[in-house]
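Annotated in Swiss-Prot:
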type	residues	note
TOPO_DOM	1-514	topological domain 'Extracellular'
CARBOHYD	Asn8	N-linked glycosylation site
CARBOHYD	Asn22	N-linked glycosylation site
CARBOHYD	Asn38	N-linked glycosylation site
DISULFID	Cys52-Cys277	disulfide bond
DISULFID	Cys64-Cys76	disulfide bond
DISULFID	Cys97-Cys139	disulfide bond
CARBOHYD	Asn165	N-linked glycosylation site
DISULFID	Cys281-Cys305	disulfide bond
CARBOHYD	Asn285	N-linked glycosylation site
DISULFID	Cys473-Cys477	disulfide bond
CARBOHYD	Asn483	N-linked glycosylation site
TRANSMEM	515-535	transmembrane segment
TOPO_DOM	536-550	topological domain 'Cytoplasmic'
LIPID	Cys539	S-palmitoyl cysteine
LIPID	Cys546	S-palmitoyl cysteine
LIPID	Cys549	S-palmitoyl cysteine
Amino acid sequence: QDLPGNDNSTATLCLGHYAMPNGTLVKTITDDQIEVPNATELVQSSSTGKICNNPHRILDGRDCTLIDALLGDPHCDVFQDETWDLFVERSNAFSNCYPYDVPDYASLRSLVASSGTLEFITEGFTWTGVTQNGGSNACKRGPASGFFSRLNWLTKSGSTYPVLNVTMPNNDNFDKLYIWGVHHPSTDQEQTNLYVQASGRVTVSTRRSQQTIIPNIGSRPWVRGQSGRISIYWTIVKPGDVLVINSNGNLIAPRGYFKMRTGKSSIMRSDAPIDTCISECITPNGSIPNDKPFQNVNKITYGACPKYVKQNTLKLATGMRNVPEKQTRGLFGAIAGFIENGWEGMIDGWYGFRHQNSEGTGQAADLKSTQAAIDQINGKLNRVIEKTNEKFHQIEKEFSEVEGRIQDLEKYVEDTKIDLWSYNADVLVALENQHTIDLTDSEMNKLFEKTKRQLRENAEDMGNGCFKIYHKCDNACVESIRNGTYDHDVYRDESLNNRFQIKGVELKSGYKDWILWISFAISCFLLCVVLLGFIMWACQRGNIRCNICI
């Protein structure tokens with residue numbers, strides 16, 4: 001007689017989730033390595049190798065530095081009145097005018113870079129009793145000697161150099177940047193030949209500040225045929241303030257002012273070529289996509305960029321826990337549910353059903369539970385990007401030699417920030433991965449409990465993610481369970497009858513075992529009784545003597 005469980009009167013329904021033979025390892029709060037079918041890389045580790053000129057306005061400095069363009073070096077005249085979002089300085093940039101230094105070079109460079117413009121307004125300074133527009137063979141403009149176009153070199157007129165005292169008020173409603181300088185002759189003879197006085201002095205003042213510079217006469221290494229130097233200084237005049245210039249020699253005077261603007265413009269040293277393309281994020285290595293929350297291409301960035309971290313890779317789980325299917329089982333040789341392993345080949349959903357009934361076997365995804373999980377996971381990457389992407393640029397830090405301790409401190413602070421963000425990135429991704437796996441496990445359990453509530457007493461939980469259904473359940477019946485329209489009352493009587501038959505047969509088939517165990521117990525008892533009787537009989541006849549000593 002066939003068991004009712006083995007004919008067409010029952011069916012098996014299993015619930016499971018998607019799996020693949022080889023998943024991806026991710027990190028969670030509770031596990032350093034846990035396998036998931038799908039994961040998204042969060043660290044951008046390569047650049048395009050070129051700087052995109054859209055949406056940011058890129059100004060290629062070519063063979064000019066920003067300061068040379070600011071001063072008006074003859075070979076940088078093309079940059080007059082230019083504007084930019086990002087000024088790109090090249091490693092092959094050079095100066096081609098009178099040798100100079102800027103005592104506060106980094107601050108001036110940063111100030112002008114952030115202003116984003118070289119817009120220059122000429123003003124009518126009156127320099128009485130001196131010769132203007134001095135030039136040098138070190139600064140050729142065409143075949144003739146020249147000088148920085150934004151500066152005015154003042155020398156003696158005849159045999160006199162009077163004391164100069166010039167004022168220039170700021171009657172506008174914006175800040176004005178004035179660039180001026182002091183000439184340091186190489187010899188005392190050069191000093192008197194140019195300025196008469198043996199020692200000059202330059203004082204530039206506003207209501208808020210004052211700078212007094214005394215020339216330092218002496219020979220220096222020859223540069224472009226000159227052993228003298230010019231020191232470049234700068235002064236910002238606020239609206240309503242007044243610029244006052246006082247000098248008795250060695251003054252490199254301003255010709256006007258640069259209009260200061262506030263903005264998010266910047267400067268970057270890079271040799272990457274500039275190309276016609278679109279990218280929000282720029283590094284010295286080239287533009288990089290900003291569709292990831294982290295990058296380890298370069299610490300220096302401009303635009304909306306991923307946060308720099310030390311890690312080469314951080315993977316965000318976008319799927320559930322991966323438990324590869326046991327290949328020895330066969331597809332339906334003995335189907336099992338999610339408690340034992342996942343299912344391979346289920347490509348149209350994350351969660352689904354497998355069944356075995358009178359019509360054969362089948363598999364289908366549960367789109368509702370799959371969509372519920374995807375809806376919660378979707379946007380996770382965007383949320384991480386929003387939390388981490390820089391909305392400002394990370395500028396280069398430059399310090400002069402005398403600011404070495406400040407530079408060391410700045411480097412320590414930057415390194416500490418990177419360490420903290422690298423740690424934060426690890427924790428953030430681990431938390432998100434933990435949440436994703438817990439979420440997908442929860443959706444699987446919800447689907448299982450929903451199915452269990454539908455079937456009620458018509459089926460039995462087999463403990464492996466499957467149900468044994470105690471009534472005939474064709475494909476239409478299985479579909480009703482999947483879509484939630486199953487009516488357990490329709491199959492209640494059939495299920496109850498089949499359950500009793502199956503349990504009854506299982507009980508009868510187990511009688512042999514009970515009889516064997518009872519027979520064995522009785523045989524052991526009788527053997528013990530016979531052995532005890534023999535010992536007592538032998539003791540009475542004297543064949544066995546038992547001595548008890550106290």
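Any Cβ shown, glycine's included, is placed from N, Cα and C.
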Determine, to the nearest whole angstrom, how far the Cα atom of Asn285 (N-linked glycosylation site) is from the Cα atom of Cys52 (disulfide bond).
12
Tell me the Cβ contacts of Asn165 (N-linked glycosylation site) under 8 Å, same chain only and six or more apart in sequence, or just say none.
Val244, Ile245, Asn246
Give me the long-range Cβ neighbours of Cys139 (disulfide bond): same chain, 6+ apart, Cβ under 8 Å, in sequence order.
Asp73, Pro74, Asn96, Cys97, Tyr98, Ser145, Gly146, Phe147, Phe148
Rounded to the nearest angstrom, how far is the Cα of Cys52 (disulfide bond) from the Cα of Cys305 (disulfide bond)?
14
If we check Cα distances from Cys477 (disulfide bond), which of the recorded positions Asn8, Cys64, Cys277, Asn483 wins as closest?
Asn483
Can you check which residues sit near Cys473 (disulfide bond), meaning Cβ under 8 Å from its Cβ, same chain, 6 or more apart in sequence, and list them in order?
Thr10, Ala11, Leu13, His355, Asn357, Ile481, Tyr491
Mean pLDDT, the topological domain 'Extracellular' (1-514)?
86
Helix, strand or coil at Asn22 (N-linked glycosylation site), per DSSP?
coil
